[in-house]
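Novice: Here's a structure for you.
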Amino acid sequence: MEAEPPLYPVAGDAGPHGVEDPLGVPGGPEAPLDDLVGAYPNYNEEEEERRYYRRKRLGVLKNVLAASTGGSLTYGVYLGLLQMQLILHYDETYREVKYGNMGLPDIDSKMLIGINVTPIAALLYTPVLIRFFGTKWMMFLAVGIYALFVSTNYWERYYTLVPSAVTLGMAIVPLWASMGNYITRMAQKYYEYSHYKEQEEQGPQRRPPRGSHAPYLLVFQVIFYGFFHLSFACAQLPMVYFLNHYLYDLNHTLFNVKSCGTNSHGILSGFNKTVLRTLPRSRNLIVVESVLMAVAFLAMLLVLGLCGAAYRPTEEIDLRSVGWGNIFQLPFKHVRDFRLRHLVPFFIYSGFEVLFACTGLALGYGVCSVGLERLAYLLVAYSLGASTASILGLLGLWLPRSVPLVAGAVLHLLLTFCLFFWAPVPRVLQHSWILYVAAALWGVGSTLNKIGLSTLLGILYEDKERQDFIFTIYHWWQALAIFAVYLGSSLPMKAKLAVLLVTLLAAVTSYLWMEQKLRRGVVPRQPRIPRPQHKVRGYRYLEEDNSDESDAEGERSGGGGQVDGAEEEASPTGPRPGPEPAGLGRRPCPYEQALGGDGPEEL
């Protein structure tokens, strides 16, 4: 009886008759090793490389969508909670019944001070935090601080609301600076993954042509701000589905209001002190706040789980290794660049116009004339107008880069001029359609402003060593403008419109002057970024241009590398009497140091 053949062929066995396998590879000792363990016969290197970089590009798109969605949810939760709490705390009956003499107006004023004043110091610590934690982890940490602010509203006390508001104020500039830096880096990486063949031909050390990533950057900024402006609509969901059911109508809340629009003073002068027909139950408030907390936690998970790193680990090390003192000073040194100085008025106006849309237009013109119950719909009109019009930013792919930015400014200029002469009548709804159209058009100008500025900064400052500094300066000036609006909230509406108008004219003039200088070939003065100085010995990158190498090591390896190598080749191979002296590139190990020798001893 014959034995059954083995299930798997035995290595080196030629078989009973030396039959070849179906692939034509002979068996037995004569089988070539390369054919057995080599590459798959149908392997196509170019096709696999194409698929690899396609997966990389899809990963970049995933990062952009996750960051955009996370930022939109975070800001929407923050605005929605702040708006709902300020309306509830404004009502006298709610304060007396729920909190007695705890002093909620005083707590709210200090909370707003913490949110608006703390970002003034952000220029001192934002670049240090971004370099220390990294761009992605800075985004995650800042989103977590926003979630912390939401959680403290479960127990509204001075010692919970005010400290969390101060912490939130500290995270505002780092969050949006790291977001802008992240989107710009994703555009640069998408260009690298789309033109990988050109990168291989030019070599890994060659930088891509200047402005090559601009089309991808514009598309990514359109996506980001399309999601970001949807946050204003998401913030109105607590108002629409919860708080509007408890509000008085406009005949009660606007009973003592005499003037609106350009004739108004401060914020809603004469507005009724009681705006709630019935008080919401604490259980319902806890449910709403729990939903907001869940959304904030979802934003944290999106940033944590779906956002990839903005830099490779070696790049992160290089960015930190320029020295913390240099990182602290470089934002101030970038003021030497005339391009940044010319864009500062636009940075300031960018902060002015957002606050004017939420306070001046929505409150001074909207709520003052059509009632508090329509505030949510006005802001939804602004949000949808801005988000939809973000598609207009794609015109920058075919038009000069100044056209979308100046077009948004001209639209705001016309709207501001019209609002300067319009005073809607309180408690009259016939003109409400004008308010919705004005809010939507203001959103169109806002999105063109934001997309144009962020794209312009990403084009002007392509170096990855500078981008976090530039976006920090941009959002710091925005924070200063928001603080100025907070200080001037009691000014007459005409004064606010005049300041807005003057700032806008100065911004457009300064920007066009900058473009004229660049066309004339004026070279900007940029501060030098120091070389990375690594203190780690023994960890080296496998690259020709070793960014982990200190100056002393570079001089030693560049000037004396041949001599050292020649000396090693000329040295005898036999045993040496006595200890071997440690060379310039070699340190004695701890055991040798304990023995008191300089190197290994031959026994």
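Glycine residues also receive a Cβ, built from the backbone N, Cα and C atoms like all the rest.
Here's the feature list from TrEMBL:
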REGION    1-28  region 'Disordered'
REGION    525-603  region 'Disordered'
TRANSMEM  60-81  transmembrane segment
TRANSMEM  111-130  transmembrane segment
TRANSMEM  137-155  transmembrane segment
TRANSMEM  161-183  transmembrane segment
TRANSMEM  216-243  transmembrane segment
TRANSMEM  285-311  transmembrane segment
TRANSMEM  343-363  transmembrane segment
TRANSMEM  375-398  transmembrane segment
TRANSMEM  405-423  transmembrane segment
TRANSMEM  435-461  transmembrane segment
TRANSMEM  473-491  transmembrane segment
TRANSMEM  497-514  transmembrane segment
Novice: Report, as numbers and ranges, every residue of the chain located at least six residues beyond the transmembrane segment (343-363) whose Cβ falls under 8 Å of a Cβ in that stretch; write 'none' if there are none.
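Specialist: The answer is 267-268, 375, 378-379, 382, 405, 409, 412, 419, 438-439, 442-443, 445-446, 449-450, 453, 456-457, 473-474, 477-482, 484-486, 489, 493, 496-497, 499-500, 503-504, 506-507, 510-511, 514.
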Novice: So which of 60-81, 111-130, 405-423 is most in touch with the transmembrane segment (285-311), counting Cβ pairs under 8 Å?
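Specialist: When the Cβ pairs under 8 Å are tallied, 60-81 comes out ahead.
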Novice: Which stretch from 111-130, 137-155, 375-398 shares the most C-beta pairs under 8 Å with the transmembrane segment (473-491)?
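Specialist: Counting Cβ pairs under 8 Å, the winner is 111-130.
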Novice: Ranking 111-130, 137-155, 216-243, 405-423 by the number of C-beta pairs under 8 Å to the transmembrane segment (161-183), which range is first?
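Specialist: The listed stretch sharing the most Cβ pairs with the transmembrane segment (161-183) is 111-130.
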Novice: Compare 111-130, 137-155, 216-243, 405-423, 497-514 by their Cβ pairs under 8 Å to the transmembrane segment (375-398) and return the stretch that comes out on top.
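Specialist: Going through each listed stretch, the top one turns out to be 216-243.
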Novice: Give residue numbers and ranges for long-range contacts of the transmembrane segment (60-81): same chain, 6 or more residues beyond its ends, CB-CB under 8 A.
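Specialist: Long-range Cβ neighbours of the transmembrane segment (60-81): 139, 143, 146-147, 149-150, 153, 168, 175, 179, 182-183, 186, 189-190, 193, 220, 223-224, 226-228, 230-239, 289, 292, 295-296, 298-300, 302-303, 306-308.
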Novice: Which bits of the chain, at least 6 residues beyond where the transmembrane segment (497-514) starts or stops, bring a Cβ under 8 A of a Cβ in it?
Specialist: 262, 338-339, 342-346, 348-349, 352-353, 356, 360, 402, 405-406, 409-410, 412-413, 416-417, 419-420, 488
Novice: Short question: which residues 6 or more past the ends of the transmembrane segment (111-130) have a Cβ under 8 Å from it?
Specialist: 138, 161-162, 165-166, 168-170, 172-174, 177-178, 181, 324, 327-328, 330-332, 468-469, 472-473, 475-476, 479-480, 482-483, 486
Novice: Which sequence-distant residues neighbour the transmembrane segment (216-243)? Criterion: at least 6 residues beyond either end, Cβ under 8 Å.
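Specialist: Cβ under 8 Å, 6 or more out: 64-65, 67-69, 71-81, 83-84, 87-88, 179, 183-184, 186-188, 190-191, 194, 280, 284, 288, 292, 375-377, 379-380, 382-384, 386-387, 390-391, 393-394, 396-397, 443, 446-447, 450-451, 454-455, 458-459.
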